[in-house]
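Trainee: Handing you this structure, nothing more for now.
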Amino acid sequence: MAPNLLTIGLLLTLIASGQAHLNIFLNLHEVLRLIGVSAELYYVREGAINDYALNFAVPVPANISDVTFTWQSLVDHPLPYSINIATSDTEVLPRPILNISRIGDVPVEPQTWGIALKCSGTRNAEVTVTINVEVILDRATNNNTNLIFKRKKICLREEQDSAHEEYDDDDLDLLQTARKGHGGDIHYVDRNDEHVVANGHQAPEKQRPVVTESPVGRGNSGGSKRDFDPMLRENLVPPASGLVTLIVGGILALVLVSTLILIAYCAKGPSKRHPSNGVHLIKTSSFQRLPTISSTAHNSIYVCPSTITPTYATLTRPFREYEHEPEEFNRRLQELTVQKCRVRLSCLVQEGNFGRIYRGTYNDCQEVLVKTVAQHASQLQVNLLLQESMMLYEASHPNVLSVLGISIEDYATPFVLYAATGSVRNLKSFLQDPSYARSVTTIQTVLMGSQLAMAMEHLHNHGVIHKDIAARNCVIDDQLRVKLTDSALSRDLFPGDYNSLGDGEYRPIKWLSLEALQKSHYNEGSDVWSFGVLMWEMCTLGKLPYAEIDPYEMEHYLKDGYRLAQPFNCPDELFTIMAYCWASMPAERPSFSQLQICLSEFHTQITRYV
């Protein structure tokens, strides 16, 4: 009995030690100057996450221009990490600076690192700073910890005079001072640049015992910083005058009234400006101005009989956003895991800056396409490949190419497998290849569009919003059978199709609906809009939509009613179906089941004469 008890005790000890992998906390100095309490605040204590602490957005008063964290790996080796920082207002708080690399290792000795938060001084504001820290606990099992810390930085306009004079040296000195006594190299790295510009050494200090509360109060601490209590509203400097509030309110009221007038004008205007029921076009090279196309209009061009009716306003299906659910992501990853030794690469199909697509075989018998990354790819790029490749997980449909398996034995260069024969190739590359695409007829284009509409109806029925429907995210074989696939690696392989509007996020601006551009709202209707652009791509042999328009001007042009022009040799009936997809309101666009009916009826109509 005694040996059994000893064995159980050893097992429990091993389990406990396996869980105690990480400490992340605010040290005494940091808690005292931010909150005014002499204590250590733990976010992760011996592997256990403190959700209450993570949910609290710590206020950072105007007289404090940096924040610090302390961490330590409790296992016998450093733990890989990556850090991302975002601010809610880049004009007021433009450039947080880390004093460690964005990607590195959590050391086995306690280390304090910090972030400089220097306001621009342009106006009074409270800016939310989001700090995302991902720590890889075990590469073999893909065991990651993702932590999100929030800080509310108070920025005052009065800081404008000194903002540019003291920014570079003072912030770095503050961060360097914060790290002394906790050991480790001192690096100052820009948020967008991992080039090390300074390096120093400090002897490591032993880890202190946990302090839960100290009798030392703020009255004994002294100094202006410690007397400032950020939790007391009266200590915050109020805005300069109530006049600012009055002016802002007046401007908002004028904007609201103008918007209502504009909506009323647009709703009534077309019938007065265009007495004919036909579609009147104002062409400007590859785009044109289109009036609102009524779903009940009977014009001389083409109307799909009684099938174009508003549908999206009453939809109540929940849509899956698995990328915000780490448990679901890990479950999918475990189910799709395959052995890398069973995958053989035969030839390189497509190559980007870091992305690679190969042809190969799985188990020496099944032909596959393999998406992977080069050795120099960052951890964030690897994570994005894995997340986006599982977007169509378990989407079983003849016209959907979903992921077959994933190998993460070498987490730096994972393999993502798709079942595909040797004749399968990217649809955009196919359209731009003169030897293939010019032989495609209108009838075949309509059939290809019908296949993709069926694929999208299947995804929507299962609560999946694609968000990036385009020719680059489709494949086609030598029988002109097309399949919709995910957008993994598309930003790297087709960089000209993605643009950033100054927010650091690269999106397919020329394919997005108005609501997706304005508010990043993605829904069934936004997918329909992108499908219309995809049909235009197929008719123009893979041309870039809105090629003459600057990405920053896209929202303005779409709000003014401009849409893609009718391609050369595109029948009026087919272009009318596209135009329905580009209605300004999502509820006015057809569903994919309605699009299938329209394409099917048009196919029947044109085959009568063949």
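Heads up, the Cβ atoms here are built off N, Cα and C, so glycines get one too.
So Swiss-Prot has the following annotated:
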- 21-242: topological domain 'Extracellular' (TOPO_DOM)
- 24-155: domain 'WIF' (DOMAIN)
- 202-230: region 'Disordered' (REGION)
- 243-263: transmembrane segment (TRANSMEM)
- Val349, Gln350, Glu351, Gly352, Asn353, Phe354, Gly355, Arg356, Ile357, Lys371: ATP binding site (BINDING)
- Asp468: active site, proton acceptor (ACT_SITE)
- Tyr498: phosphotyrosine (MOD_RES)
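Context for these features, please: burial, neighbours, distances.
Mentor: Averaged across the domain 'WIF' (24-155), pLDDT in this predicted model comes to 89.
Close to Val349 (ATP binding site) in the fold, though at least 6 residues off in sequence, lie Ile357, Tyr358, Arg359, Leu369, Arg425, each with a CB less than 8 Å from its CB.
A 10 Å cutoff on Cβ-Cβ distances gives Asp468 (active site, proton acceptor) a total of 22 other Cβ atoms nearby, all chains included.
Around Tyr498 (phosphotyrosine), taking its Cβ as the centre, 20 other Cβ atoms fall within 10 Å, counting all chains.
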Trainee: Write down the Cα-Cα distance for Asp468 (active site, proton acceptor) and Asn353 (ATP binding site), rounded and given in Å.
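Mentor: That separation, Cα to Cα, works out to 21 Å.
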Trainee: Write out, in the order they occur in the sequence, the residues of the chain not among Val349, Gln350, Glu351, Gly352, Asn353, Phe354, Gly355, Arg356, Ile357, Lys371 that have a C-beta within 8 Å of the mean position of the C-beta atoms of the recorded ATP site.
Mentor: Thr372, Val373, Leu489, Asp492, Leu493
Trainee: Could you count the residues of the domain 'WIF' (24-155) that DSSP puts in helix, in strand and in coil?
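Mentor: Its residues fall into 13 helix, 69 strand, 50 coil.
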Trainee: What is the interatomic distance between the Cα atoms of Gly355 (ATP binding site) and Tyr498 (phosphotyrosine), given in whole Å?
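Mentor: Roughly 15 Å, rounded to the nearest whole number.
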Trainee: Any idea what DSSP makes of Asp468 (active site, proton acceptor), helix, strand or coil?
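Mentor: Once the DSSP labels are grouped into three classes, Asp468 (active site, proton acceptor) ends up as coil.
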Trainee: List the Cα distance (Å, whole number) between Tyr498 (phosphotyrosine) and Asp468 (active site, proton acceptor).
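Mentor: Between the Cα atoms of Tyr498 (phosphotyrosine) and Asp468 (active site, proton acceptor), the distance comes to 11 Å.
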Trainee: Over all pairs within Val349, Gln350, Glu351, Gly352, Asn353, Phe354, Gly355, Arg356, Ile357, Lys371, the annotated ATP binders, what is the largest Cα to Cα distance, rounded to whole Å?
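Mentor: Those residues reach a largest Cα separation of 14 Å.
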